[in-house]
């Protein structure tokens, strides 16, 4: 769609020294000149993305996807990439007479931020919940990446203004790279993210140095060949940009990890929100040792995970400063996870998975290292409080 629009706008004016194509026949239009296919394209970009996001939320971040599901998701991304390519076409032909003859370009351009927002919401992390400013930042980066990809493709010599679908293809490449980068940001710890950024980046640079498909030429605006070689160079450039972004983010996260002391883990639990994982802090119903029929709602640190239960360390708000069997958790450092000044009991308590109900966050690695060394195993059986799952 977007490629067709750009190609049509280019058909009535000279884009290159030897290029002059006849204008194609106009499709049927309604109202103010908006074709019925344009609202349909917008709906295909936004509605399925919202439905996928709602289904992902209801499934707790976990859902089986068959072949048809993958095709539907790819089709939704393709429609979204089409919509997000329209602003690039508007920028290319801004101020020309041809643009004034196509009001549908402005309609789809106005809808492009909503398509980007729907896709960003669709691919949000399952935990922790993404805050609205960060969600808007993701949507803005997705839209900017798609627009920039089309403009860079046009500058490098790709036929985005003459071949229908070329502009949408460039936008789709940027959208797929952005979504993949989000997946790695949300699910990979900083060190693994660093590896997954360095390896593709080095491979792209090596391929560009050994062949004619050099992505750096595309990024710097220099001639990068033609035909399939140019497309390969453009795709390598997209990979280099996304890998470079991941590399910078991984370095920043590693530095932040050293500064704050948080565990080297990703925040998303889409592939494992359940059962609880070692290093996580949950709220759970913990039975009393004296009476297994009664329990108390309290935070716990998951130490080890087993088939039907987890070994946990209980967290209490009672002052245990003088006891060597407890580790102080100052609120100043733990305010994102705990609500009050707390102490971690080093006595291990088995707890059935059915007692866990609210994931709060991750343990700081200094406490985690100390707790694993000093924790004492008890001979209790897994507690089964009144809460079941």
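All positions are counted from 1 along the displayed chain.
Every residue gets a Cβ built from N, Cα and C, even glycine.
In TrEMBL, annotation is done automatically, which means it is predicted and not curated.
As given in TrEMBL:
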TRANSMEM  37-55  transmembrane segment
TRANSMEM  67-85  transmembrane segment
TRANSMEM  105-123  transmembrane segment
TRANSMEM  135-154  transmembrane segment
TRANSMEM  160-182  transmembrane segment
TRANSMEM  194-211  transmembrane segment
TRANSMEM  231-255  transmembrane segment
Interface present between the transmembrane segment (37-55) and the transmembrane segment (160-182) (three or more C-beta pairs under 8 A): no
Beyond the flanks of the transmembrane segment (135-154) by 6 or more, those residues with Cβ under 8 Å of it: 2, 81, 84-85, 87-89, 91-92, 112-113, 116-117, 119-121, 124, 160-161, 166-167, 170-171, 173-175, 177-178, 182, 218-219, 234, 237-238
Tertiary contacts of the transmembrane segment (105-123) (same chain, 6+ residues out, Cβ under 8 Å): 1-2, 5, 34, 38-39, 41-42, 45-46, 49-50, 52-53, 56, 76-77, 79-80, 83-84, 86-87, 89-90, 99, 135-136, 138-140, 142-143, 146, 175, 179, 182-183
